[in-house]
Amino acid sequence: MSDHDTPMESIQNGENSDERLNAIASFFGCSLEQVKSFDGDVVKHLNDKLLQFNELKSENLKVTVSFDELKASSLKKIDGLKTEMENVIRENDKIRKERNDTFVKFESVENEKMKLSSELEFVKRKLDDLTEEKKETQSNQQRTLKILDERLKEIELVRVENNRSNSECKKLRSTIMDLETKQQGYITNDLNSRTELERKTQELTLLQSNNDWLEKELRSKNEQYLSYRQKTDKVILDIRNELNRLRNDFQMERTNNDVLKQKNNELSKSLQEKLLEIKGLSDSLNSEKQEFSAEMSLKQRLVDLLESQLNAVKEELNSIRELNTAKVIADDSKKQTPENEDLLKELQLTKEKLAQCEKECLRLSSITDEADEDNENLSAKSSSDFIFLKKQLIKERRTKEHLQNQIETFIVELEHKVPIINSFKERTDMLENELNNAALLLEHTSNEKNAKVKELNAKNQKLVECENDLQTLTKQRLDLCRQIQYLLITNSVSNDSKGPLRKEEIQFIQNIMQEDDSTITESDSQKVVTERLVEFKNIIQLQEKNAELLKVVRNLADKLESKEKKSKQSLQKIESETVNEAKEAIITLKSEKMDLESRIEELQKELEELKTSVPNEDASYSNVTIKQLTETKRDLESQVQDLQTRISQITRESTENMSLLNKEIQDLYDSKSDISIKLGKEKSSRILAEERFKLLSNTLDLTKAENDQLRKRFDYLQNTILKQDSKTHETLNEYVSCKSKLSIVETELLNLKEEQKLRVHLEKNLKQELNKLSPEKDSLRIMVTQLQTLQKEREDLLEETRKSCQKKIDELEDALSELKKETSQKDHHIKQLEEDNNSNIEWYQNKIEALKKDYESVITSVDSKQTDIEKLQYKVKSLEKEIEEDKIRLHTYNVMDETINDDSLRKELEKSKINLTDAYSQIKEYKDLYETTSQSLQQTNSKLDESFKDFTNQIKNLTDEKTSLEDKISLLKEQMFNLNNELDLQKKGMEKEKADFKKRISILQNNNKEVEAVKSEYESKLSKIQNDLDQQTIYANTAQNNYEQELQKHADVSKTISELREQLHTYKGQVKTLNLSRDQLENALKENEKSWSSQKESLLEQLDLSNSRIEDLSSQNKLLYDQIQIYTAADKEVNNSTNGPGLNNILITLRRERDILDTKVTVAERDAKMLRQKISLMDVELQDARTKLDNSRVEKENHSSIIQQHDDIMEKLNQLNLLRESNITLRNELENNNNKKKELQSELDKLKQNVAPIESELTALKYSMQEKEQELKLAKEEVHRWKKRSQDILEKHEQLSSSDYEKLESEIENLKEELENKERQGAEAEEKFNRLRRQAQERLKTSKLSQDSLTEQVNSLRDAKNVLENSLSEANARIEELQNAKVAQGNNQLEAIRKLQEDAEKASRELQAKLEESTTSYESTINGLNEEITTLKEEIEKQRQIQQQLQATSANEQNDLSNIVESMKKSFEEDKIKFIKEKTQEVNEKILEAQERLNQPSNINMEEIKKKWESEHEQEVSQKIREAEEALKKRIRLPTEEKINKIIERKKEELEKEFEEKVEERIKSMEQSGEIDVVLRKQLEAKVQEKQKELENEYNKKLQEELKDVPHSSHISDDERDKLRAEIESRLREEFNNELQAIKKKSFDEGKQQAMMKTTLLERKLAKMESQLSETKQSAESPPKSVNNVQNPLLGLPRKIEENSNSPFNPLLSGEKLLKLNSKSSSGGFNPFTSPSPNKHLQNDNDKRESLANKTDPPTHLEPSFNIPASRGLISSSSTLSTDTNDEELTSNNPAQKDSSNRNVQSEEDTEKKKEGEPVKRGEAIEEQTKSNKRPIDEVGELKNDEDDTTENINESKKIKTEDEEEKETDKVNDENSI
């Protein structure tokens, strides 16, 4: 190492000497040659002197700069002090006039005092830190002190000047003290004013007592409000219970309704079936009648013409009848389907019932006969009655028959019009939906419109208010200007025409006066006011005008009192009128009640009369109406009682409230009169105080600083108020949102009501339409027969479609079950993949930890080398720029390489994306098909249940909406309750703050005593300040204005408090409105329930009608049966004799029955009309009752307006109380602040004195810091200059010498070492981060513990506070008791009570202060912890982003195998570069070792080492090849032929489903980064290791060759050795670069060749495979099948690859090129030959592979054969899927290439023949069997789903091939191309 260091030192000395000479020459202005002529010692001395001179220069600069800065700072301080003095004098006058307001703000003084003390401590700490830094700088500056001795004298002069300035400052301070002594003299005059103040405090105590009384009343009102709330809560609970009960009833009714509906449906079905039977019978009857009439006519003719042939005709007639009966029976048998058997049974049952009825009729007739026989002896009257009854019976029978016929016709017409009615229903439903949508839109738009109108109105109102405010402000401004004008006049007269204002200000006021246009618009009264009150000559005149003002105000107050009395009287009148109106309303309601009862009795009587005439069917309806009336009656009675009770309560409350309010108003008027008297007194005293105020203007010097502090406090209070306002605004916004939601709900309810009304209306319309459709039934009878035939055909078609649909459904269910099984299997597979991923992640984590350990060990080695780096840093600075240029060049080259690779990656990514989109589109198509089929099925099923479901859904929606509304109401109530609680808490907080303020005032009062001692000193200083009194008058005016402004601010605070209270009252009103809305909703619910009950009754009526129809039909059937029997009997008689009159009798009876039925129908219609009229009358009466109820509700709302007025009055009273409290507090604080003012001023002076030396030290330290910064700047400038100089030298010489190059290399090495140091620092930073994280966690734990302890403390303090509050409340209760006995007891007891109260308040204040301190500390700790947490979270998020980027890069790497191959190439190239860099370092070390051992002969044999490495490498490669072969043998197992044939039998639907499932699996596996990632990473690591070994071998070879040429002697110099090393490294770099470029070119050429060969082969194969399609479809000799539902895994591989008996076979070595082609086709997602569906990405289960490996040996015609020639030329690279014909063409086209390849690689064939013998034989067998068994294309497309799994495994085995072999392949390909 010593030999190596000597040349480096010599080089450095040479460089330093050149630099020295240049510097000396430039300094003295000589040439370099002259300087070089000097001796070395002289040059050294000159250089030392030059350096000293430069140092002196820099120090001189520093000193001058520091001196200038000191000067500037001292001047600034002097100016600042002067300005401060002037400001103090000015603000002295302001503070005197603002005294009343400043006392309120004295509380902030203490806080700021604490702040100042904390700042002082902070400054002291800073001073300590700065002193430490100063010590450090002094240790560094001890060398420069010798040179700075001369300059110290100048600094001392500066210090003298500084001291002089300090002495002047002290003099100024002494003058201030004199002024303060004078001020004390003036304070004595204040004592007189204090006596008056004490008198006023006594008056204030009386006001406080009044305030306490008012507070007591407030509490009582609050208690009443709480009791009212409790009552309302109870009422709400009762209502909820009733709601639950009603819900249960509703559910019960719904269940009953459902049961009735089911029964109704069953009955309607049975009715329809019976009607069909009746139709068939009637048709047969009609046909028989027609035949009978024809036969009778024929018989009559035959009797007249051929009496002799009667017997023959009779025989013929009998035969014809038999034929007719047979025909009828045949027709009936044809009609009787399996479905009509049930109908026949029911007919038989009805016949049996008819028979029973006939028996009963016979029995009754027998009874009547007996009665007739018994009653023969009766008189003629009884017989006449009996005859009359018989006639009525006959009439009734006829009417019955007529009705039955009409009902039959009506039913038939209804059956025909069922589809039309259904279509009408559908249309009505559609129209209803459209109407609903339109109504919703209209409501939405109307709501929006209303909202916007409201907003517009509000904004207009605001604009009007703003305009009014502007007008008032302009008036006030004008009045002020006039007053100022007159004041100026008076001042100018008194001060010899020299006023206090400047000319500009006077002009400004005059401009305002000129611009005034209000005189035109002003009224006469306003002009008079301005003349009398604004314009004045003297102060005496102003006082007189003020007295006039007082008189006017008092007169106005009297008028107000009189008006208020009148308003009270009017209110009493209104109350009495309301009570009378309520009584009258009650009386009217009672009378109406009586009327209703009488009407109900009349209706009951009418109902009893109707019962006799009307059948039993109408009884149920009358009962229902009676029940409804009774219920309404009860409701009305209950409502009347409620109204009576409420009215009585309201009257009581109103009278009580009025009495209380009158008392309060009288008390207020009394207090107001007292206050007005006191105001007059105070104004007179104020005039005297103002005269004295001029003398006390100098006292404002002390109060200036206090004023600033108080202003800060005031700003802080304003901020808190603003925050409270923001909170209130938030609550208001929430309330508004709730209100909007409520309005939306109400609109929805209204919509529902309207929908219900529409539905009822539509039902009525439908009924009317049904009545209108009845006349059309005759026209539609003809179509019945045709429709019946069509119906039968349709039923047959429906049955067929149902059967087909059921078959399809069964098939789909089977397919679904299969899909579910497959999904379960694939879920299991996904879980396995997740477990594998977790294991991989753990492995990576372990690996990262190991790498970290290695990294730490490397860092330790780097630390040892850092000492050498520090020596060479000086050289690095000069050569940094050149290194950066080299880096830029390298970066450009790297960017070029990356862009080439990025383009290829992007293209392949785009292809994969296109394939995925195609796959997704196909999936969507299949899903759409499936959805359409399922929708069609659902539609057929849903149409049957729609009507029933709609009805139930509507009921459910209404109930859900009802529940949601109730929930919303409850939520709103809770929110209101929370808001009230928050307001109470805020009030409590304000009271606490008030107590704190009082406490601070007491402290200030104590401090004020100390200030009085200082007053005596100010008296001596008054003589000097008398000259400044004229100036101070101006300041007094400004201070007065400020005082007025602050008064206005306090008024704003009181306004905000009043606004809060107003909001409270508004909230109460809103609660009431919510209660009203709740009542409305309840009423709406009741109305809905009534409507539902009416609907239910209508349904029951319909049921009764249907039952009556059934009974009529049964009776009609009986009649028909009787007629049939009569007809059969008549036929028998006709056979014997021709009895024509019998038929005529039947017709007559039928006509009579028809007439009877007609009369009955008319009677029934009349009865119905009568009933309808009665119902309409009842509805009118109900509507009248409802209107009366609405009127009563309106009256109730009027009462609520009175309550609101009462609340407004209470709010005004509260505002007055607040004003009184504020006045009291302000006066108390005035007294306290006067005392504390002086103490604070003295403390401020002391603090200023303490701060002054600290500030001087700070400035000195700042100067030292600036000097250091200047030194740094100089150093940077020198570095920049040297860099420029080095650049100039380089530009001149243009070329670098070998020595410069060596220097650059050495500096590069140094930079590398610096990089390593930086990496080590990064590791240390990570460790620090981990430590910080642990510390943060520990702190979090400690903070949580502290938080828990703090919360406990807070709770304990709160408990103590509550105890104190309880004690306070007890004390207040005692005070109230004592106040009741105020007259009896004396003033002594009042004082004792006050003491108690003050003690309690003090205790509460102390607790609150403790609480605030604890909360502040708690909040500070929490904030600190939150900041630490946020920093930690940010760091964690950064790490997560890095991890996500890594994951994204890993996910992008998994897209395609082709991308992975290219990325591997990139990584290999990068590894080469890294390896070169690492090897250069190793070579440097080895060269050094070799140089040391050059004297001795080298014992190491490099060739032996090389052979060992090669043998190890070959062994590793052979092991990997064997492992890959074994894996292939396991996985390349094909199923048997019998099981492969099953795949063709499968449908395309199954394939499509499997495809979709596999696509989903692939997406999941891509997300979870499955097995491919692990395999590829292993392959990459293996490749990198092999490449490193190869590069090491090559590098060592070249080093040995170079070292062999070096002579074995020790006479070689160090320079020569360095040159040798540099030359070797440069050569190696050039060679490596050339190799990299050659590899890039070769890989590019290979890709081109592969693409060309692939396209040509694919075109040929497509043509031939299409020709083979027809043959393969016909000949199904060897159809492929799946093995146990596991598809063939090898169909994605090529079937054959250029077989030749001469060429050796190695499937693993040749498989890589095959993979490069196959990866593009398979990974792209589509089979280019057959299947329309895209192939899946490479993914499969390990279980399936193992099962395939254990199966029987595959058929040879499907086993893949590999044939890659030894040359690895074009054929091996372009090998793809091919058939036998393609193989023959390839072998014929490329014989020359194969021969050349066989010649070139003879040696490799000998070594690999043993391994490849078996695969070659297998390949020959494949050739023979593929000729006989050719595969169809469909088979390939179907089996392509699983072939990618095996290609993945083959890729794993084939990627073992090293980069060396690829390079050899490319060389041989180039040779063959050249041949």
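Each residue, glycine too, has its Cβ placed from N, Cα and C.
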The annotated region 'Disordered' range in Swiss-Prot, which must be one of 612-660, 1396-1444, 1592-1640, 1641-1689: 1641-1689
Of the residues S379, S942, S1298, the one that Swiss-Prot lists under phosphoserine: S379
Residue carrying phosphoserine as stated in Swiss-Prot, selected out of S297, S591, S1710: S1710
Annotated phosphothreonine residue, as Swiss-Prot has it, among T6, T337: T337
Residue carrying phosphoserine as stated in Swiss-Prot, selected out of S17, S1137, S1803: S1803
Averaged pLDDT score, the coiled coil (531-1678): 68
